[in-house]
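Here is the structure we will look at, set down as structure tokens.
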Amino acid sequence: MRVLGIDPGLRRTGFGVIDAEGMRLRYVASGTIVVPPALSLPERLKVILDNLREVARETRPDVAALEIVFLNTNPASTLLLGQARGAALCALADSALDVHEYTALQIKKAVVGTGRAAKEQVQMMVQRLLSLDGTPAPDSADALACAICHAHVGPLHDRLDRLGTAAQLGSRPRLRNGRLVG
């Protein structure tokens, strides 16, 4: 399974692509989309949209994983980050990719083992897990960590969803004497 991970941001959007076969991970590509701050908001969102479309076209992922926006102390920053995230979601939808979303806590826990890990710890574990020669840049490392999180957690969630659906299908409501039972 090829996973495209995205760490959305209005100034810098990180992306990382890995191949996952069971627990084996292989690095494919990563980078940071740097958006010129002089552009208007719509132009900045278009830069993110166009670049992520291109990344998806070139790397041909099977699935995408995206970090969920956290609530910042500054509501305006949170709204702007949400718009960058929206541009990323549009690019992924346009590329017909299934999108899975994870919180920063879930990503850090899946990659480092603790949800309170520092950025440097995430970078170091990404480097180790993917056998990289150097430490990836922070935005790329976060995106690769998101992809790694999905590679480790996503298949389990898929199985649980299928089991939940099967359990729901197997438990049809029953009627006895015109009343609902069980």
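Here, residue 1 is simply the first one shown, and the rest follow in order.
Including glycine, each Cβ sits where the backbone N, Cα and C put it.
Listed in Swiss-Prot:
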ACT_SITE  Asp7  active site
BINDING   Asp7, Asp139  Mg(2+) 1 binding site
ACT_SITE  Glu67  active site
BINDING   Glu67  Mg(2+) 2 binding site
ACT_SITE  Asp139  active site
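DSSP gives Asp7 (active site) a strand state. Annotation for Asp139 (Mg(2+) 1 binding site): same-chain Cβ neighbours under 8 Å, separated by at least 6 residues, are Asp7, Gly9, Arg12, Thr13, Gly14, Thr32.
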